[in-house]
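If you check TrEMBL, you get these features:
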type	residues	note
TRANSMEM	A:21-39	transmembrane segment
TRANSMEM	A:45-63	transmembrane segment
TRANSMEM	A:94-115	transmembrane segment
TRANSMEM	A:122-143	transmembrane segment
TRANSMEM	A:170-190	transmembrane segment
TRANSMEM	A:220-238	transmembrane segment
TRANSMEM	A:258-282	transmembrane segment
TRANSMEM	A:303-324	transmembrane segment
Amino acid sequence: MRYIFKTSYTQDIDLARHGGHVFWYSLLGVALIAAPWVVPEYWLAQLTFVLIYGIVGLGLMLLAGFTGQFSIGHAAFLGTGAYTQAVLSNMGVPFPVALVAAAALSAAVGVVVALPALRVKGIYLGIATLAFGFIVEEVFARWESVTGGNSGLHVKSASLFGWELNSSESFYMVCLIVAVLCTLAILNLLRSPTGRAFVAIRDSEISAQSMGIHLARYKTMSFAISAALAGLGGALYAHKLSFISPDQFSILQSIDLLLLVVIGGLGSVHGAFLGAIFLIAMPQLIASAKDWLPEAIGQAPGLQGLVYGLVLIAFVLFEPLGLYGRWLKVRTWLQLFPFYRRGLFKRQKSFTKSDRLR
Amino acid sequence: MQILQLLLSGIAQGCIYGLIALGFVLIYKATETVSFAQGELMMLGAFCAFAGMSLFGLPFWLAALLAVGAMVAFGVLLELVVIRPILGQPQFSIVMLTIGIGYVARGLVTMIPGIGTETHTLPVPYKDQIWKLGELVVNLEQLAIIAATAVLCGLLFAMFRYSKLGIAMQASSQNQLAAYYMGIPVKRLNGLVWGLAAAVAAIAGMLLAPITFVHANMGFIGLKAFPAAVVGGFGSLPGAIVGGLVIGIVESFAGFYLPDGFKDTAPYIVVLVMLMVKPNGLFGEKLRKKV
């Protein structure tokens, strides 16, 4: 068991709480920087996707996990970012400028969505974002002069100050830098008054309001930041795939993103990346398990959906805090070693709290 | 005539949306949770009827009855096994849970060798029959949808109005705790509500099947029933049907008069406008949480 002896108030909001954090995160950083030289090309590409989905996941985590507003149309923001980046870099705009533009445009779209969303909450908000996602997907498919319609759009490889980022190693580095910057930004945001306001809104809108938090402003802000991160992720996604089409940003993508935050663990920054690892690793695991399973099960096209569904149900029922929650339990078990009790993380029983009170 | 024709097909399509939305609303009213698996329940119902007719060679009515019965049992079981343990948890977890159920249902159906990945026609007795009323061409399949929806609505209305079960359901949806105190078996009722929703979905599936075929992805139509439920006001049963009709008619007219692409997005545009103008829907009550 580790006791932190605090000698100053700033220690309360330090990013690294103790030496262990510094050590382990430095180790992770070194491993990630060394990856291009160590890891084979294929796995490096997967790692790049993990980073990209991690960035998008961070955005959705901020919205769903920390502000409590859930969006079933997040692929629309991802798509907005991807198409902005694709169109701008095909026009020859430098990579960093296009990246910022993609994030900014997505954020602007996020604000537009947030405006009707301010009047509704809970399931209505989910349906509003769902509707919005469908409309945006249709726009991608129909606005052929810009997006190339259903036949898709090729994206040139990124170039940074005359330096072509066409090798997977260099693009991995770009993704890593963006991901680290985004994570630090979110961590900083969460320990600032704005982040505290988000969490307050999640826990209870009414009490947040009575503490003087301007609901409309903070919800809009949360939507904007979340959309901007999704846009950033989308921009990198477009470059990584070098080909985008509207069906990559459909409702299924949105549900995948929700899956990411739920399985990663709602309300934890780690969860965004753990969920991204899950989302990227799962198809690989299923593909490798296919050889072991009998023909009738292994070759069935519905296997992936079935496994996703079962995993999702299992997590919601048994591990509502997701992969990060599981890690917390393991860590607590190790810290308390012989004294861990089974009821330590037990969920409280609760009644359905009606929103329909008159 | 053109307009009447469009109106008719819109109403028929709208009835389907309305029936699926009815399932959402039933579940929402009873347990204040939203089921994203409603479309998949519809798909399962259609597959049950198809299996009954083609594999066991049953006549249509018997197969339909059996499918509805099977889906009621499935709905009750679903509530008992996965929904009940997490009632009272945040709404979001139940939404994700039902999305998971939808994935599992779709995955399982596609895994049935030889059947799951194909599209099938449901050999209903009224297939491809047409009535001509002057210039108006009435498709009997569409007429069947409208008639069945009307009958079903009548039955549901009678049940909620006059039967003890229906009144108990209303009571538990208005205030669960008070219903408990009055000796109403709320848990069992919640199970029955899921069964009822599954039955309505199965009927919708069998009505839709002659028009769009039976296949594993037919459940995606459930996503268009959400706008229907919202337009009608999420907590109102007649609202669900009216909302479905509005969505169906708008979609049908948008498909004909507006450029390509508006047909599929029209329901969503309608729902966004509705949420901006009247967030509680046509029949929803305006309620605010109080402390």
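Placed from the backbone N, Cα and C atoms, the Cβ positions cover glycine too.
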Is the transmembrane segment (A:21-39) packed against any residues at least 6 beyond its ends, judged by a Cβ distance under 8 Å, and which are they? 47, 169, 172-173, 176, 180
Where among A:45-63, A:94-115, A:220-238 do we find the most Cβ pairs under 8 Å to the transmembrane segment (A:170-190)? A:45-63
Using Cβ atoms only, state whether the transmembrane segment (A:258-282) and the transmembrane segment (A:94-115) have three or more pairs under 8 Å that are 6 or more apart in sequence. no
